Structures are given as C-alpha cells and as structure tokens.
Amino acid sequence: MAAAAAAAAEQQSSNGPVKKSMREKAVERRNVNKEHNSNFKAGYIPIDEDRLHKTGLRGRKGNLAICVIVLLFLLAVINLIITLVIWAVIRIGPNGCDSMEFHESGLLRFKQVSDMGVIHPLYKSTVGGRRNENLVITGNNQPIVFQQGTTKLSVEKNKTSITSDIGMQFFDPRTQNILFSTDYETHEFHLPSGVKSLNVQKASTERITSNATSDLNIKVDGRAIVRGNEGVFIMGKTIEFHMGGNMELKAENSIILNGTVMVSTTRLPSSSSADQLGGGDWVRYKLCMCADGTLFKVQVTGQNVGCQVSDNPCGNTH
C-alpha cells in the first residue's frame, strides 16, 4: 500500500497535480486534526487549580493594602497644603526669604510685620529692634504678656501690671543707675520721677513718708486698716481724716493724741429737739473731752445732759 502511495505520488509529481474528491479531502483534514491535537496534548498534565499556591494580596491583606495607600495619599495631600501655607507665609522666592533673614551669629531678623501668638526665646536671648527704630508690639484686643518663671509683665489698654514673687528692679540701661527697686534691705523705696500715686492692696513697711514740700495722701474706696506690731505713730504738721463712715481706734494700752485736736461738729449727725430721747432702737451719746485731750462719751438719757458725770476719766478737770 505504501508502494502504491509512493507510485501515485511520483505519478502526480510527474504528471502535475491530481484533483481529490470531497471525501478524500474530508478524510485528509480529519487525519491532520487528530495529529495536531495529539501533538498539542503531548506535554499537558491536568492539575486542580484550588491546590495551586495563590500569589498577590487577597482578602484582608488586600483591604489593608488599600487602606495604607489611601492613608499615604491623605498624608501627601496634607503635607502639600502645609508646604503651600508655609511658602505663602514666609514668602520664599528666587531671591530667598522675603519675610526673614537668618544670620550666622544666630540672629533672626524679621523684615516685615509679623503675626505671632507665643514667642519662646532661647536661653539668654534678646528680643530687640533695629538701630534708630522703635520695636512696636501690639495685641489684637488682648494684653501683651512678658513672662519668665513666676515673674510676669502684662500691658493692657488701661493699665500695666507687674507680678513677681522675688521682687523687681528698674534701672537705666545706659548709666546702669537703679531707678526703682523693691529690695528694701538694700535700697530705700522711692516712687520714680513723674509717678504721682501708688496703688496697692496691701503694703508692709517700717515707714511711709512724703517729701518736705508735699502732702502724704492715703485714699481708699472701701475700708483702710493701719496696723503696727509695736504701735502706729502718725506725725505731721497737719493731720486730717476724711471718711464717709466710722473711724475706729484700737490699742492694747493707750491712745495718745498730741497737739491740737479739732473736731468739726458740722459733719456730726444731730437730732432735732422734736425727737424723743431714747425712742426706738437708737442710743445717743455726747462726745466730751478732758483738758489733757482725752475723749470720752456720755450717754444722753434726758435733756440738758452735760459731761459732768461721776465716772468720767478726767478727774477734777473737765
């Protein structure tokens, strides 16, 4: 059969192509397909896909990876916004920073008006202005506070207050002369030149004096208490007490009034003659004075009551 096929092939090649029938072509095509399929499946081994090792991020790992990527994206956006804000505030340009300068000596110089909330200078640092120019510090409807430890200087619209637990001292930076100090053991307390009054809630000192050509005025809105551990001595050419309420003098031993004592009766309350003596809850007294200046009171129990009572402290003189 093979010899016949070879002879037919030789005859076909020598005599030209031989036409095949439809059946022969179909059989030939089927044989070619079988041979092709057998060659394709020669090295194929079927394997269960579920038993293969899976690669990549799947399940929870995939979700976690997505969250990390989103978080990194948000951080990048925030970093970009902060960078743009810093760029706009500091004004960094081709010529450098337009708002400030950094020097090798450690000096930081601001070249324009700067808006800051809190400034923390370094150890032994100085905040100042340029030569022949003022350093202007303003607060937007808020006080300006300089604080170091417990010492605080507050500058407000209507007042300036200084708070310190260890004292304070003012001196001239050029001459180094002390203008004002609360170190009473070393320096005597003097008001600075131009200061007319000192407003304090409580003062503890050995002596309060005024200049020889000026008066010493002590004024309070409410109640004033002057207390001394070993007595209170008030000396002056003229001593006047003006008060809207009562004046109370207390002493363990005695109260001595030296000099001329004058009491203005026009300021003392008086009762009309039509008032009944001892009526109601009122108790009336008459103010009396001895020849040596001792004051005492006598209860008014009726009309024409004088100071001649048996238990007066004046003795035989009234």
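Just so you know, glycine gets a Cβ as well, placed from its N, Cα and C.
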Of 1-32, 65-96, 225-256, the range Swiss-Prot labels region 'Disordered': 1-32
Neighbour count (Cβ, 10 Å) for Cys288 (disulfide bond): 18
Cys307 (disulfide bond) versus Cys288 (disulfide bond) - Cα distance in angstrom: 6
PLDDT averaged over the residues of the topological domain 'Cytoplasmic' (1-65): 66
Nonlocal neighbours by CB distance (under 8 Å) for Cys314 (disulfide bond), same chain, sequence gap 6 or more: Cys290, Ala291, Asp292, Thr294, Phe296
Where Cys288 (disulfide bond) sits in the secondary structure, as DSSP reduces it to three classes: strand
Count of other CB atoms lying within 10 Å of the CB belonging to Cys290 (disulfide bond): 15
